[in-house]
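J.: Have a look at this one before I ask anything.
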Amino acid sequence: MLLLAVFCCLLHTLLVPSSAQSDSNQPVIQLRLAGEKKKHYEGRVEVFYNGEWGTVCDDDFSIYAAQVVCRELGFTGAESWLPSAKYGKGEGRIWLDNVHCTGSEKSLAHCESNGFGVSDCKHSEDVSVVCSSKRIPGFKFIRNQANSQEVEEVRIRATYSHRKRIPITEGFLEVKDGGKWRQICNEDWNQMNSRVICGMQGFPGEKRFNTRPYKLLASRRKKNYWGFSINCTGNEADLSDCKLGREIEKKGNSTCGKGMPVVVSCVPGRLLLEVQPLVRLRGGAMIGEGRVEVLKNGEWGTVCDDNWNIRTATVVCRELGFGSAKEALTGARMGQGIGPVHMNEVECSGFEKSLTECYFNPNSLGCSHEEDAAVKCNVPAMGFHNRLRLSGGRNPYEGRVEVLGERNGSLVWGTVCSDSWGTMEAMVVCRQLGLGFASNAFQETWYWQGDSSADAVVMSGVRCSGTELTLEQCLHHGKHVVCPKGGGRFAAGVSCTMTAPDLVLNAQVVEQTTYLEDRPMYALQCAHEERCLSGSADKADPSSYRRLLRFSSQIHNNGQSDFRPRASPQSWVWHDCHRHYHSMEVFTHYDLMSLNGTKVAEGHKASFCLEDTYCDEGIQKRYECANFGAQGITVGCWDTYRHDIDCQWIDITDVKPGDYILQVVINPNHEVAESDYTNNIMKCRSRYDGHRMWTYNCHTGKRDLFTLCIKDEIFFSKKK
């Protein structure tokens, strides 16, 4: 069940009055965070005084003043404060200037200042704060001097007949107030309120329902109503953005006499219906989070983070079948994308069915992938984590995989056979448990002492594509468990991490550096030993020549953590002919294929030296192969394999003239976990006339053959 840690915020925008009101000598103020913000705990500081909202000047403001503001709003403290209208310029009066706080004040009104309305500032000097996301336990949202409300959680409580359904999409709405669950009277309730509730629970929208059984149930139950109504417009991402409605007069059994407890019914999203929209998320560690990518003219691209906010992020989340957005992320927080930036300065009302319906500036001039927008969405509580656990690890992120499986007609905990167990299977386990990405997949777990009662193997033959939501959705043997090695020390295990690398090949470099070279066999002995030539080379005369399709590879790490070989340096393989170690025996596959996908020539490249050849400005190189140094690719850096080194080719000696597809796949065996494998493939169209090779239309990621062929005709019509 997705519960809100504190129904929280039922109003940091909902006018949180200062505790100053208890002191007749202090002015009564209310605070809110406003402006172009991405999260509910950040924004421009605004003060409600004398019937009017205004701002606070940044002169003399300090972290101590920010602490006072955040605590007054119900957060545990302040992370930082920002001058110069970082969340946009406010309007109206500038109520406070030259604010001096010690940090111990209960209200901003208690801090020293020039006095209310005394300021020589402009709105370009409006101050903002970023508060801690944690709420003060039991924080009371004070509405007036005589009344206060403490709201801790919100839930949809299913009827008895529906409680076994997962997820819970329909039932009575209840809020936890003072440790007790209470209903809300539906006299002032509207459809827009239900829309916001459904969004918080991970669903894209609300729907109609049959009220008759609920009326019957409500008439038989004892009711305990919450004392307020709520007014939402429907485009809010959270109830904290709605307004508190009228106070409900409690009259015992006569409370809400003209109505009944609120019932909410939500629409299951595409997460459950498996429909593929034209917007997708990439690079996220959890379900419902990632970099926003949009499909346009057959090509996936990203969205620039200019003006990116929680309302726009919510449109994305609902479109993808999730609920409202928890966060709108900027600055490529989910890694940098590739390809074009399709949308910039996106502005949504919050009611659009798709991000593409929102206003946006198609001109992305000035936007780079360092500004790619991302989201974190509310997702429905599916209970996936209850059927899987990690046991015996040193921390919660590692251990032997144990699943709840059927044995002799009952559900028992058991292990998973490690035959064929690899990175893709480990990725699904980590995602199902909400632990992010896999960092390692283990086929032996004797060093982790798991639950002895769960030693028996209950699942075998597991094969995952990596996109499944649960291990049960992967291919496996079902009830007929087959595990020759047995469980015990050979049970499957994983270690998980919240960040991962993401390797992307620069397609343009491949296209610009491709050429043919005829090289004699006697100069290819080392490459022949490492199986970098086609099979016909085994019988070739030493004086004969091989025709090599050469090109350079520039491989970027656009992820959130460094790319490191899985094998430790002690286990790297020494190749005497080339006089170097291989940290990964197969780092890339090079293939030349016919248009129907049949392989006609192939090559491969071992990772004998993974290092930071170049880095983006401001990033320090960390990996260098010289003197048996550490190998890897730092985030924001790239490794270049030049066209003139051994094995950086495809042997096309036996290939006939014609049209082909050149394909390069990085990390093809998924030996190292990445946040996104879909961008590990690069394809080019190639035309070979027996003497020359044209390579064109190179692109990263999957694209259908029809699009390639259309661009092929355009390319050659231009050349004619």
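Placed from the backbone N, Cα and C atoms, the Cβ positions cover glycine too.
Caution: TrEMBL annotation is automatic and unverified by curators.
Fair warning: this is a prediction, and the values are worked out from it, not measured in the lab.
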J.: Could you identify, going by TrEMBL, the member of C348, C377 that forms a disulphide bond with C358?
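T.: Record-based pairing for C358: C348.
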J.: Which candidate, C8, C9, C131, C185, does TrEMBL give as the disulfide partner of C70?
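T.: When TrEMBL is consulted, C70 turns out to be bridged to C131.
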J.: Out of C131, C474, which of the disulfide-bonded residues has the smallest number of neighbouring Cβ atoms within 10 Å?
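T.: Each of the disulfide-bonded residues C131, C474 was scored; lowest Cβ tally within 10 Å is C474.
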J.: Would you kindly give the Cα-Cα distance separating C57 (disulfide bond) and C70 (disulfide bond), rounded to the nearest Å?
T.: 16
J.: State the Cα to Cα distance, in Å, between C131 (disulfide bond) and C464 (disulfide bond), rounded to an integer.
T.: 41
J.: In Å, rounded, how far does the Cα of C464 (disulfide bond) sit from the Cα of C348 (disulfide bond)?
T.: 37
J.: To the nearest whole angstrom, what is the C-alpha distance linking C101 (disulfide bond) and C57 (disulfide bond)?
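T.: Cα-Cα, rounded: 14 Å.
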J.: List every residue in the same chain as C121 (disulfide bond), at least 6 positions away in sequence, whose Cβ is under 8 Å from its Cβ.
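T.: The list for C121 (disulfide bond) reads C57, D58, D59, I94, D97, given in order along the sequence.
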J.: Please spell out the DSSP helix, strand and coil residue counts for the domain 'SRCR' (279-378).
T.: 16 helix, 38 strand, 46 coil
J.: Given the disulfide-bonded residues C111, C232, C242, C474, which lie within 10 A of C358 (disulfide bond) by CA-CA distance?
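T.: Neighbours among disulfide-bonded residues: none.
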J.: About how far apart, in whole Å, are the alpha carbons (Cα) of C232 (disulfide bond) and C348 (disulfide bond)?
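T.: Distance (Cα to Cα, whole Å): 17 Å.
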